[in-house]
Amino acid sequence: MLKVSIAHVEFEALHPFKDGNGRIGRMLITLMLWSLGLLSQPHFYMSTYLEENKDLYVDIMRGSF
C-alpha cells in the first residue's frame, strides 16, 4: 500500500498531462493494487459498492468502526 501511495503522489506531483491527471492517477492506483494481488479484479467505479456499504464507509471515515 505504501508503494502504491507514493507512486500516486509522485504521479500527481509530476502532473504530466494538461487534463485527466486525477482520473489517470486513480486508475493507476487500481491497476497497481490489482497487479500486486490486493484486488481480485480491477474495479474502476466504486460508487455502487460505496452506496451499498454507506454506513460502513461513513463509520470508517469517522474512525468509529
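Backbone N, Cα and C define each Cβ position, glycine as well.
The feature domain 'Fido' is assigned by TrEMBL to 1-65.
Using a 10 Å Cβ-Cβ cutoff, His15 (active site) registers 10 neighbours. Residues or ranges marked as active site by TrEMBL: His15.
Annotation source TrEMBL lists ATP binding site at Asp19, Gly20, Asn21, Gly22, Arg23, Ile24, Gly25, Arg26. Summarising the environment of Arg23 (ATP binding site), the number of other Cβ atoms within 10 Å of its Cβ, over all protein chains shown, is 11. In this structure, Arg23 (ATP binding site) is part of a helix by DSSP.
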Note on ATP: the CB centroid of Asp19, Gly20, Asn21, Gly22, Arg23, Ile24, Gly25, Arg26 has further same-chain residues inside 8 Å, namely Phe17, Met27
